[in-house]
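Annotation comment: TrEMBL describes 24-80 as domain 'Acetyl-coenzyme A synthetase N-terminal'. Per TrEMBL, the feature domain 'AMP-dependent synthetase/ligase' maps to 82-477. What TrEMBL records for 190, 191, 192, 193, 312, 336, 524, 585 is CoA binding site. The feature ATP binding site is assigned by TrEMBL to 388, 389, 390, 412, 413, 414, 415, 416, 417, 501, 516, 527. Feature annotation from TrEMBL assigns domain 'AMP-binding enzyme C-terminal' to 532-610. Residues annotated as Mg(2+) binding site in TrEMBL: 538, 540, 543. Residues or ranges marked as N6-acetyllysine by TrEMBL: 610.
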Ligand code: PRX
């Protein structure tokens, strides 16, 4: 839209920037014209034990095979630690800021080396080998980083499960990748409240055992010293084990395409998928995007507020920044504890230069009022980022005007778990900003917009967002199910990677992500399959059928609206509503709690029995004047009842 506000690159942003607009244009053109040459050059940004001779060997057609730098040999932990020791052994690698504002710690690269080597030796001592899957279910403490890096050091494949997931969800992820070693903590601590991680792990291991996967060891980090159950043959204290092994561990020689990690993510159907990332291409892409998107300079203090349980935490708390020798801040707490000034207090305390957070946090802090921001100086801030969901222009403007005081560029970074790193984003010294637009593709990324029939939309227009060319950081497969990988991402529009997002391109070639076009909802930046929440609801013995849709929510971006049909004879009571919410929390975790439950005697179905979600979405949005064509419904009267009992009346 031509009336959109544009914020031009300010002279100060350009002054020492790594990339200006001319360089962006040139590099982008080169990256698309000759990817082998471009990535052949930039692949050298990491150290290789054996250099690659082949750069790209990838195709989105047929069986979909993606390989980058395939004959190169390297190690991720070596690149994130060892190679920096000579120059910056005494530089802080990780600043840890605890939930309690008086609790913090700094870990130098030398110290990181020793912690990671010890953790790696503990894993080895207990029989973890190259290729084995290790599940990490941890709070935001430095040991989570040690655990991940230790896996990469010995070639084990980590699967980090967000600490907010329930025992059932954890068990599902342990079983899917047949992981027999779990690393956890006694308890987590967030916003002054404890999270029973070890207790959840114990429950998950029992569930996994009933599904034929036996966890042999649990390595437990002491965080709170709270009371936990202990199983002598299985459980190991991290502090005892780490003291019993050597402080050096040779990094394993890994091929570029050896698996690095699995991260489970939700899709529109079935259970969460194990997204598999591999070694070389991922690290090249994570480190390169970290450097250029955030205009990272040596010596910058960099803070990404994500949790290591999500891909943002993998690529932009750990791997990207550490590969670049950065000082990365890891925060255990939440934005509003002990007060809504917390983020800005931390920025001032540690003189943070680059700050990366999510729209949901920005909206919540905006709602708390400007005075919480204005108490702080924020003078150190040079670049601010946003990720996880579309940022509405009001929140963008507040971030820019109030937090950044009109002086700090915002990079609205669009990407996905599957992508490994940022695909569409401004570069601070190069890109004029438009609030709400992720702007332009990163080097080597070729977006394409197609309509529902797959026809390519050129120039300005809206449709479904695909990526037509492979990039080094992308996922290689769904763990254990390559067919599902092909069907999920490459079958809708043959030979193209389909993102599941809707998108508009404006007259400047800027991309505006409009949100998911499939049955995935995005709640506070957490991605959720409606099918997962539905299956949690119907697993309750009083529920016969459920349909879940998203609706606009002021803080969370989207809220979860559930339509529930009860078994015959069951009364629809408030108590049952509470019970169902608790049931979903138990099955998946608190992040999946339904915001609204509407008891529905019937759901709108076509004559062939398909639920018409379009209608359910409209009713959830309280926009039932625009229900569209309902003539194909088997029983149109159902709709009147749903409208009458809707839970979101404005
Ligand atoms: O819908 C897009 C939204 O988040 C989805 C990916 O979620 P996940 O795999 O959990 O990764 C989140 C962090 C990388 C996308 O399909 N999304 C992410 N970033 C943005 C976004 N939507 C709009 N603008 C963004 N900047």
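Heads up, the Cβ atoms here are built off N, Cα and C, so glycines get one too.
Model, not experiment: these values are computed from the prediction.
Features per TrEMBL, on structure.
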residue : record              : CB count, 10 Å
191     : CoA binding site    : 13
193     : CoA binding site    : 11
336     : CoA binding site    : 16
388     : ATP binding site    : 22
413     : ATP binding site    : 24
417     : ATP binding site    : 19
516     : ATP binding site    : 19
524     : CoA binding site    : 20
540     : Mg(2+) binding site : 20
543     : Mg(2+) binding site : 21
Residue among binding-site residues 417, 538, 543 with Cα closest to the Cα of residue 336 (CoA binding site): 417
C-beta crowding around residue 538 (Mg(2+) binding site), within 10 angstroms: 14
Residue 390 (ATP binding site), number of other Cβ atoms within 10 Å: 22
Coarse DSSP state, helix versus strand versus coil, of residue 417 (ATP binding site): helix
For residue 543 (Mg(2+) binding site), the one of 388, 390, 585 that lies nearest, given that the binding-site residues are compared by Cα: 585
Recorded positions listed as 585, 610, least Cβ neighbours within 10 Å: 610
Binding-site residues near residue 388 (ATP binding site), in sequence order, restricted to 193, 312, 524 and a 10 Å Cα cut-off: 312, 524
Sequence-ordered binding-site residues from 190, 192, 312, 417 with Cβ under 6 Å of an atom of ligand 1: 312, 417
Residue with minimal Cβ packing [other Cβ atoms within 10 Å] among the binding-site residues 190, 192, 312, 415: 192
Secondary structure of residue 543 (Mg(2+) binding site) (DSSP, helix/strand/coil): strand
Helix-strand-coil residue split for the domain 'AMP-binding enzyme C-terminal' (532-610), DSSP-based: 24 helix, 27 strand, 28 coil
Cβ-centroid neighbourhood (8 Å) of the Mg(2+) site, 538, 540, 543 excluded: 536, 537, 539, 541, 542, 544, 545, 546, 564, 580, 583
Integer average pLDDT (0 to 100) for the domain 'AMP-binding enzyme C-terminal' (532-610): 95
Rounded inter-Cα distance in Å - residue 610 (N6-acetyllysine), residue 585 (CoA binding site): 27
